[in-house]
Amino acid sequence: MFLKRQLPFVITLITSLILIISYFSPHPTISPLRSIFQDWYMIIVAFTMFVGILSLVKVSIKKIKREKGIEVLYPVITLVSLIVMAFFGFLKGGLDNPGFDFMFEYIMVPLQATMFSLLAFYIASASFRAFRAKSTMATILLITAFIVMLGRVPIGEWITGDLLHFTESSFLSRFHIPNVTEWIMNVINMAGQRAILIGAALGVMGTSIKIMLGIERSHLGGE
Amino acid sequence: MIELSLTQAIGYTIGGFLTLCIFSFLYKDNPLYKFAEHLFVGTSAAYWFVTFYHNIIRPNVINQFKEGNYWPIIPVILGIFMLFRLVPSLSVLSRMGIAFSVGVMAGYQIIRHLETNILRQMGATMQGFDKISFTAGNIGNAINTILILLVVIAGLVYFFFSVEHEGAVGGVAKFGMWMLMITFGATFGYTVMARISLLIGRVLYLKEQWWLSIKYLLGI
């Protein structure tokens, strides 16, 4: 019970208190603790990465034993690519090793970029559902998103520029679509994001205090 | 015209093939997509593993030990405890590493959020008021400054659930909700455009680098 509950709680409380005190204290012994603890945290995170790798290997081996036919091939691909890329990474040159660099530039980067670009198609279908003006709120969202998108493509510039000549009048130029987009992004959007940021920050601080005091224990399995 | 080396030509050809493998998912889940997906998982895991070793473990642990600083033994022990998560009988030890990491993050987040996301954001919201002016030519800026403050306050009132949203508070909260809807609309539109530009980037990759590489390899 001591190892399961009390000791982890004491470790959490002491480390978080030291970190807070070290921020406010200029004392030469306490002040550097902030960066030392952050380095230590990163070392532990690096080990958790290793836990993840071991877990991936374990799951892949299980799959190889369980699956049949072409399905066996996929976990093999995961393991082989993992071993080959890690092998190059630990050779001379490390991150700059030509083999590692080749795999990063011509395999990982195209795969990652294409995975994210695939979202363009799904976001298009999400837009179709979100952009149905069912209520006032949905209509506001629709109009804003439409203006922002229009303001970032040449046709937006063309409609109120070459077609309607809004740019020729100092008053009407305020309603030139790219200018409206810029205003939305820099005034309403920025202020809205700020409200969300402040609200979220208060939430994070509240949760952090609950963790420090041992009220929130879900990271220890809720015990 | 881009000059290609043999390595680049082979690399771009592989990259183009993998790009098409991922795009094949738009038709339906298929072996080519699964191949690319598993390759991505393997290479990404290896990339982060190697990066963490070279950027964190080597400078902060191995080099420190070589220089005679043995303090990093503490996080190393806590890190090794984390590995026991995979051994059920010893998994309780992993709680020490988790407790330390959560403690560091809790202490760090209180300071970071207080400083960056609360004080600085509040400061930036009120910054324009010291030079606010309603003279001709400055009215637009003055209105924007006031509007930013109003939107921030209304947005925060909308998130404040300790008071019931009725009467004046309800009105302000409703205004806040409208403004947040504009924010979400703008963010959504911006995200759509970002994804579309990524897609354009991939299509250009196929059209330029990949096509050129194929021609190079075929000697056309």
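Our numbering is plain: 1 for the first residue shown, then up by one each step along the chain.
Positions of Cβ are set from backbone N, Cα and C atoms, glycine also.
Features as listed in TrEMBL:
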- A:7-25: transmembrane segment (TRANSMEM)
- A:40-60: transmembrane segment (TRANSMEM)
- A:72-91: transmembrane segment (TRANSMEM)
- A:103-124: transmembrane segment (TRANSMEM)
- A:136-155: transmembrane segment (TRANSMEM)
- A:195-213: transmembrane segment (TRANSMEM)
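Under the criterion of 3 or more C-beta pairs below 8 Å, with sequence separation of 6 or more, the transmembrane segment (A:195-213) and the transmembrane segment (A:72-91) do not qualify as touching, having fewer than 3 such pairs. Most Cβ pairs within less than 8 Å of the transmembrane segment (A:40-60), among stretches A:7-25, A:72-91, A:136-155, belong to A:72-91.
Note on the transmembrane segment (A:7-25): residues 31-34, 37, 208, 211-214, 217, 220 of its chain, located 6 or more positions outside it, place their CB under 8 angstroms from a CB of the stretch.
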